[in-house]
Amino acid sequence: MSGSKGVSPPGYAAQTAAAPASRGGPEHRSAWGEADSRANGYPHAPGGSARGSTKKPGGAVTPQQQQQQQRLASRWRGDDDDEPPLSGDDPLAGGFGFSFRSKSAWQERGGDDCGRGSRRQRRGAAGGGSTRAPPAGGGCGGGSAAAAAAAGGTEVRPRSVELGLEERRGKGRAVDELEAGAVEGGEGAEDGGSSADSSNGPGAVLSLGACCLALLQIFRSKKFPSDKLERLYQRYFFRLNQSSLTMLMAVLVLVCLVMLAFHAARPPLQLPYLAVLAAAVGVILVMAVLCNRAAFHQDHMGLACYALIAVVLAVQVVGLLLPQPRSASEGIWWTVFFIYTIYTLLPVRMRAAVLSGVLLSTLHLAIALRTNAQDRFLLKQLVSNVLIFSCTNIVGVCTHYPAEVSQRQAFQETRECIQARLHSQRENQQQERLLLSVLPRHVAMEMKADINAKQEDMMFHKIYIQKHDNVSILFADIEGFTSLASQCTAQELVMTLNELFARFDKLAAENHCLRIKILGDCYYCVSGLPEARADHAHCCVEMGMDMIEAISLVREVTGVNVNMRVGIHSGRVHCGVLGLRKWQFDVWSNDVTLANHMEAGGKAGRIHITKATLNYLNGDYEVEPGCGGERNAYLKEHSIETFLILRCTQKRKEEKAMIAKMNRQRTNSIGHNPPHWGAERPFYNHLGGNQVSKEMKRMGFEDPKDKNAQESTNPEDEVDEFLGRAIDARSIDRLRSEHVRRFLLTFREPDLEKKYSKQVDDRFGAYVACASLVFLFICCVQITIVPHSMFMLSFYLACFLLLTLVVFVSMIYSCVKLFPRPLQSLSRKIVRSKMNSTLVGVFTITLVFLSAFVNMFMCNSKDLLDCLAAEHNISVIHVNACHVVESAFNYSLGNEQGFCGNSRPNCNFPEYFTYSVLLSLLACSVFLQISCIGKLVLMLAIELTYVLIVEVPRVTLFDNADLLVTANAIDISSNGTSQCPEHATKVALKVVTPIIISVFVLALYLHAQQVESTARLDFLWKLQATEEKEEMEELQAYNRRLLHNILPKDVAAHFLARERRNDELYYQSCECVAVMFASIANFSEFYVELEANNEGVECLRLLNEIIADFDEIISEDRFRQLEKIKTIGSTYMAASGLNDSTYDKVGKTHIKALADFAMKLMDQMKYINEHSFNNFQMKIGLNIGPVVAGVIGARKPQYDIWGNTVNVASRMDSTGVPDRIQVTTDMYQVLAANTYQLECRGVVKVKGKGEMMTYFLNGGPPLS
């Protein structure tokens, strides 16, 4: 039942071989580009017709591609397991192709689907199959199927962490933005809720209920469900929040100093007022120093924020209670300032900001109501104040919410990028470990370098062959394995081989031997590869001794009489891989052939060596004559003198003891346990439980429970730990200085700036809506406080209609399906263009600003001082507030009738124009997509325009208001007497107005700079994380594609799975598999080692071309059900029906496909003979039946198939006739039923099977 032993020396006729079960190889783009590299956003193809390709039409590698190759090369990860990592000199990027044939050759013989004139399409990989039990009979379809468990590999990814924010996935525009290079962030809602800012992309229809829920979500404090993630988020933005807090403290100090200056400018001074403000300045300065110390921790941030809120509240109370003269409009500007800065610059959650804003507003209103209760006009002032504070709080919410959502989304996306990168890195490390366990490092390195480098046109495929002199080759065969296999089920057979060869792999590593291949029950390895060793013969002899000891333990545990027959020869080898598909590292040379016959002519339990090997041993072992020629015709024919090892000498024993002691000391000094090399399920069927026997522990196997403990790592904790380290290492100042210009805040690299400018802000419609809401509040304020006029109503109505239109068009972008295509197109042009959206934003802000002051021109502009001077017949400079009180005319704040003969109404509260302008400045800050420089220019324009109006044409409005406020205070304090008491005066409004507007412009600019700086740094970090993730995914894709050319995809997925049970083995029972062996019968006559042909390398080059042609044929779409198993010397092995996707139980198409492939190989060999002037003869054998497929070698896996079907197929090849295809009776019945042309050969004597009736396949079904 075991697969027959085959060897790789040229000309050796393989009897049977093991076989992988699933397709691999360099598939066409749809198999590898899209399936394996979809995460990168573009497929990888050999020629690079993919969307993201940087390859020029002529095939030249662009500088960008070379740079990408260098980046990828630097990211080639190492591995500290059984193989060292590939070096960083390995270039990894660009197109991927395993064939380096010239263009003319490709056009003639077919190639990839990469724009080179291909006639053949690469077929996709056949997936891993489910288990099919073999029937009891020998053929296909006979008998009942026995149940068997399939151990298919599944790819395990870290679960997605619910961060409490839902990503916005814009379907209609996402592809365009990705193609434009935009790195687009989404939004979401906190606490696992739905998105609060319309998390629906274009094409979504927003219901009224959803809008209401989204509106309510805005006022909820955002926090990640996991406290650990929340703390990580706070660490992520800690430095930025620290900078924002410092900035807020600076502007608060400025505001307090301005308030002190205003108070000190007009005596009498209020000492409590001065003391409180001075104390507030001192406290804030001390806090600023403490917050910028190295000891300041993120846990201190909350305390600092709430302490600052307490200071602001104290300033608010004192600032409203103590100053004189009192007015309900006093302190509005700093209250608005405090409210807005708490929302925007103070790093607190929404709930705390809202509570602080409401508390400040309530304090102002309560104090104004208490201290100004006697004012007849108090009601409209309070109403106006409520409107102003409400507007400020709403604008603060509209600014705070998208900023925090953007920050949290940036954190989420960065974490997801890091999570994906770490997952890709883990997979990549596993792939590299698996890759390096199958191919030696130097071979894999050379292949990857050639894959990613531009290849010159060559007439032949590149051959990966290296010549090594002075090596020792060991062949070992398990004698008695057939009797052992006959007592095992399919699963037990795989487990037994897995356990035994895993132990052999460990012994090979310990003895400095490189395992080459496992062929059935034959194991062979070489010492002196890839690095030369002077003691290569000693290593092989020690390896043989350890193998004999290991098999004795197996004999002891299983009770089956098994033993090892070991043959060793020293000489020269050619090592490498042949063909284009299913690469397996192998060695070729006449010395390899001799080593194989040394094993065949050896004795059980003994090490059989040649004279050449004995010469390298330097007398360290006692030997006796081997007489190998008596047991093997090849040794006799070539007069090979052989010896059998008896024992090592005393001197050698002492050397071994010394070496073992040094190894133990080195291991202890390193401080870690040696790597686990045991099989995945050590002799489980014999032990009957989870315990590992004493004998198995002696063989080096570990307890599965220990292995479970080693592998129990949490991917989420790894992601958080990595992100935490990255946050700690991130330098905000360094990132700013390296990538961002200091004042303009633009990226120094034009490409980065271009990518950033192409970002689309989905919230633009919300910005316009918020600015329009500010307009409505300004309208309400002015309608309440300013005398009405037809101009006011008509102007507001016109502005309202314009803003409604702008809001409507902007909001269409979020609900595109509801509106006609022209409106959709217009909305997209506005929102998706930064210039267009900025222009619309400026237009909206301009309308809001005009609505804030335009009514000034409808007010009475007569100078009250002139009127009073004329009335009292005094000079203007002598007029004061007492003259207003003593005037016969009703000059008061409550009188809106014109005076001094002017019919226009009086605007007695012009400071509300200033407050309206402040609201328009806040509306400017809402538009986060406008750059900070753009906002600064716009705000300066607003300030300059308004200040000019205040200081020149409408200055009398403010002078009159100052006079009337003082007169109102005198009138109230006089209690109706005729006396005019001493009174306090205020700083003139025409002086205060430019100062407070300048303070607001400065604060809003600092906030805009902070917002844009944060957004750009988030973009930069996320872009770097995304690029690293994509580079790792590209590297992973290249490794996966290379790996899939060595192992079937389902096998690779099984061994790459992160969470795999220790008792899980990979095996399948396949009920009807067609197996083919095709050998070049006379290749051994062609192969000679001469100096003229580079010691046989040129012979191997031709063999490589032949195998490459066969690989190209099997890649054709019509042969997609076929799977190349491997090559053994000059024998090509393939099978079909190994999994559900290739097995056709009813139509038997997989059997017919293998027969067609065999005939195609015959035709191809004739074509090769014509063009190479050779006379190669092929023998092909076919058989069908059940097989067992599985993986042996836990750390150096090799996919194999075993069974009588494989043995008989090999015999059909070895007993065949040159240039004929020999098939069994089972195969004949299927092909004859499908009208294939066959002839009976007759009865053939087959070794181990007796006499068998066989047939020749002459041709396919006749054409109808």
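Even glycines carry a Cβ here, placed using N, Cα and C.
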- Message: For the feature N-linked glycosylation site in Swiss-Prot, which residue out of ASN873, ASN1082 does the record point to?
- Response: ASN873
- Task: Answer yes or no as to whether Swiss-Prot lists ASN908 and ILE1221 within the same topological domain, that is, on the same side of the membrane.
- Result: no
- Query: Which of the listed residues, ASN241, ASN836, ASN890, has Swiss-Prot annotated as N-linked glycosylation site?
  - Reply: ASN890
- Item | Candidates ASP521, ASP535, ASP546, the one Swiss-Prot lists with ASP477, ILE478 as binding Mg(2+) 2 | ASP521
- Query: Counting only pairs at least 6 apart in sequence, do the transmembrane segment (987-1006) and the transmembrane segment (797-816) share 3+ Cβ pairs under 8 Å?
  - Reply: no
- Task: Would you kindly list the residues that approach the transmembrane segment (913-933) from elsewhere in its chain, counting only those six or more residues past its ends and only Cβ-Cβ distances under 8 Å?
- Result: 329, 332-333, 336, 340, 344, 388, 391-392, 395, 398-399, 402-403, 406, 743-745, 761, 763-764, 767, 770-771, 774-775, 777-778, 781-782, 834, 837-838, 841-842, 844-845, 848-849, 851-853, 855-856, 907, 939, 942, 946, 950, 989, 993, 996-997, 1000-1001, 1004-1005, 1007-1009, 1011-1012, 1015
- Listed in sequence order, residues with CB under 8 A of SER757 (phosphoserine) and six or more positions away: LYS834
- Note on the structure: Taking only the CA atoms, the spacing between ILE478 (Mg(2+) 2 binding site) and ASN873 (N-linked glycosylation site), expressed in whole angstrom, is 131
- Note on the structure: One should report the C-alpha separation between ASP521 (Mg(2+) 2 binding site) and ASN873 (N-linked glycosylation site), rounded to whole angstrom, as 127
- Task: Express the distance between the Cα positions of ASP477 (Mg(2+) 2 binding site) and ASN873 (N-linked glycosylation site) as a whole number of Å.
- Result: 130
- Task: Specify the count of other C-beta atoms within 10 Å of the C-beta of ASN873 (N-linked glycosylation site).
- Result: 6
- Message: Validating a neighbour-count step here. Other CB atoms within 10 A of the CB of ASP521 (Mg(2+) 2 binding site): how many?
- Response: 24
- Where else in the chain does the transmembrane segment (938-958) make close Cβ contacts, counting only residues six or more beyond its ends and a cut-off under 8 Å? 842, 845, 849, 853, 856-857, 859, 861-864, 907, 910-911, 914, 917, 920-921, 924, 930, 988-990, 993-994, 997-998, 1001, 1004-1005
- Message: Return the count of C-beta atoms lying within 10 angstroms of the C-beta of ILE478 (Mg(2+) 2 binding site), excluding that atom itself.
- Response: 26
